[in-house]
Amino acid sequence: MPMLNAQQFLNQFSLEAPLDESLYPIIRDICQEVKVHGDKALKMYNLTFDHTKTDHLEISHEQIKAAFDTLDEKTKQALQQSYERIKAYQESIKQTNQQLEESVECYEIYHPLESVGIYVPGGKASYPSTVLMTATLAQVAGVENIVVVTPPQPNGVSQEVLAACYITQVDQVFQVGGAQSIAALTYGTETIPKVDKIVGPGNQFVAYAKKYLFGQVGIDQIAGPTEIALIIDETADLDAIVYDVFAQAEHDELARTYAISEDAQVLKDLESRIAKALPNVDRYDIVSKSIANQHYLIHASNFDEACHVMNTIAPEHASIQTVNPQPYIEKVKYVGALFIGHYSPEVIGDYVAGPSHVLPTNRTARFTNGLSVNDFLTRNTVIHLSKDTFEQIADSAQHIAHVEALYNHQQSILIRQS
C-alpha cells in the first residue's frame, strides 16, 4: 500500500471496464435458449450451473409465510426495523401528483410501473437486505406485481430471504439465478412473468445479461465491484476505519478501497493498523487480495484537492470522518451515497439507515444515482393548452417547423389557426 500524493494517484487512476467482453457470446446463447425453451432451459441451467434439480421453479406463498413464521425473533425484528426505516425514507422522497390550479397548462403526473423483477444474489451467502432495499421501494411506489428471482440451493432458498419477501409483500418468488433469470424476466416463460424493469445486484453474468437485454426491459444499472473512499483526519477513529475498509474488501477481491487525508501521518498510522489486523481478519483470502491490489492511500495537500480526488473517483460509497465534515457535504458531489461522521459507517447504510444500498459503481456516480422509489415510477408530461395560449405561441411553432422543412408539422399548426 504505497502512499501516493494526489497528483500521482490521479495520473495513474483508471477503472477497468466493469464487464468481461468475452462473456458476450455465452450470455447471448443463454438468453436465446431461455427465449426459445422457457422453463425447460431454466431447469437445465439450474442443474448445470447451480447443481440443483428443481421440479418447481416457483416457491409457494405457504413456504414464504412459513419461512417468516419460523424465523428466530431477533432476526425477524432486525428485518422488520430495516423495512420500516426504508419504507419511511422512501415515502418521504416519493414524487407525487400535485393538485394544480386550472391555469397550469403544462405539468407532470406519476404512475407506478406495472411489474418489476428483482434479482437477489445467492451462492455462499444470504442477502435478505437486497430484498428489503429493492422490494420495499417497489411496494412504496405502488408496483402491481413484484417478482423475485434468486439462485436455487441444494437445501432450498435462504429462509431469511424468503422472510424478507414476506415482509415486503413480494408477489412471486422463483428459484432461478444468473443470466438465465434475467432472460426469463425479460421474455417471460411458462411460469415466470415478463416484467417491465429489472433491478438488483449480481455477478458479471447477471450484469452482462442486463446490459445485453436493456431496451427490451428496463434496468437499474450495470453494477461493478463495490468500493468505498474515505476522507479522514487526525480525529478519526482509525481502528473503526480499518473495519470500514475490511467491510468493503470482504465482498470481492476486486473491491476498491481508498483513504484520503491531508495528514500523511494519519495515513501511515492507518496503514500500520491495517497490516496488524489483516492476518486475523475473517474472510482473509478475499480481504487480503483486495487490500494488496485495490487499496489506495492518497495524501491531499488541502481541502480542495481532497474533494477533487473524491469527485474523480466518484465512488459507490463516500465516508467523511473529520473534525468538521460539513464543508464536504456541498463540495463532494459525485458519489453514490455520502456517510458523514463516526456514527454513520457505510455498513449501517447496507442494512438499516433507509436509503437503498443499490448504488452506482465504476465512476457512474458522475451521471447517475442510487436506486429510489422514484425509479419505480413513470413520469408523464401533460400539455393542456387554452385557445389563448395556443394563439400566443402558434406562430413560433409553425415557423420552426418551416425552418426544419417539416411541412406537415407546420400544417398541423396552421390548420388550427384558420
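Just so you know, glycine gets a Cβ as well, placed from its N, Cα and C.
Together with Thr226, Gln248, His251, His317, Glu404, His409, the substrate site in Swiss-Prot holds one more listed residue from Asp282, Asp285, Asp350, which is Asp350. Glu404 (substrate binding site) falls outside any helix or strand according to DSSP and counts as coil. Sorted by the number of other CB atoms within 10 A, the binding-site residues Gln180, Asn203, Thr226, Gln248 start with Asn203, the lowest. The binding-site residues listed here are His251, His317, His409; among them, His317 has the most other Cβ atoms within 10 Å of its own Cβ. In this structure, the C-alpha atom of Asp350 (substrate binding site) lies 12 angstrom from that of Glu316 (active site, proton acceptor).
Each of the recorded positions Glu316, Asp350, Glu404 was scored by other CB atoms within 10 A of its CB, and the lowest score goes to Glu404.
The binding residues for substrate are recorded as Thr226, Gln248, His251, His317, Asp350, Glu404, His409; their greatest pairwise CA distance is 55 Å.
For the recorded site, Asn203 (NAD(+) binding site), the DSSP three-state label reads coil.
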